[in-house]
């Protein structure tokens, strides 16, 4: 017989729509607030937004755009480890302060060899060294598009085509302004970086400088490359995937499961932390202080919070398990207090105001899925439905996603018959939203406004000063647009809201 439960003693747990932030005296303007935040123990973001590791949200194009905006993208794992590692490489090589150990080619290679390398890696020039192998050889020339534009013999040696005289080289200690001056003075697009033995150890390009100027807020590593994260699972397959990701240069690995307070997850965090000291590990998802402490104890560098709050997630209905997201964030932030480990709110954010509430409740940053799924940079094609443009969006617990490879996220990897999978998500569509940058601008703008209303100059200040008030259902209705027909949609408030 089940133990009797006194219903009156059950606590009330809250989500974003149950509360509002109370305004306060302020000397802070939204444009002046500092929204930089910690993603992990050692990694900082310039905006507190992460894209979700979903196969309709984050692949290399969106991860690049996220990093350029100051956030970070988490590459989904519904692909082979090799494919996911290639997405990591695409992000890491897209922009760089200096390309370290660039691809090189030997002088006795053929034009066909050079063109194949340039096409495969999407580059317009390649240093020529006496020995092939990532900058290990002595520099003898450079082969660019101008050298091969009118070449017709695919068997012609690179040595006959390359530019070998008057090469413009710099040392590894060259600063940005000097590099710009040399590029302009000599009207060239690439600077060759050499060491004391005249070995090619780097490459500085005009394109990278232009990208850096266009995106001054970008999240970058110590070498000036865009930051990127990638998801993996539990067990040996998840560990093997993590090895591929580390070799590809990923900045952090997300052990991504539906239940982070599992021994399989705890064991995997321990294993991956031993794999590399350079790579940070985020683990989740959890919804309690105890789970947060357990992940921190095994070495997690950040903890991801959220069981069932996502728009496409059915976990709370299918399993009857979960915690309303606002209370979950508060509890997990309390569990992480004093450890130096950040908390990430994952799921349930419908508006920029929800992002502000999540941060105020204790999250250091927030993960978004549906808000980013309909953008130009997300995977999939735009399609028309009843006269409006949409893109596909599905939960990683949907049948389609689980059949493609995410079943282990829900600990159902042993189920081979698709009909016997127990899904915890659905497949749907979201309105087409245009460029990712426009969506992020509105989200960040709402957060800045909240910080201005509460007189908070920084994220830490916001979390200290913010005061929540509970509201009624009538208060929530009053908060939304009412007693009027929307004739022109606002970019941050869709008419179906």
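Cβ from N, Cα, C; glycine included.
IMP binding, as stated in TrEMBL, involves 311, 346, 347, 348, 369, 370, 393, 394, 395, 396, 397; the candidate among 377, 381, 424 given for that site is 424.
Note on proximity: among 311, 313, 369, 395, the recorded positions of the record, the Cα nearest residue 480 (K(+) binding site) is that of 311. This prediction places the mean pLDDT of the domain 'CBS' (98-160) at 84.
If you take the CA of residue 258 (NAD(+) binding site) and look 10 A around it, you hit none of the binding-site residues from 310, 369, 393, 478, 479.
The Cβ of residue 479 (K(+) binding site) has 12 neighbouring Cβ atoms from other residues within 10 Å, across all protein chains displayed. A helical conformation is recorded for residue 479 (K(+) binding site) in the three-state DSSP classification. Of all the recorded positions in the list 311, 313, 369, 395, the shortest Cα-Cα distance to residue 479 (K(+) binding site) is found for 311. Of all the binding-site residues given, namely 257, 311, the one with the smallest number of surrounding CB atoms inside 10 A is 311.
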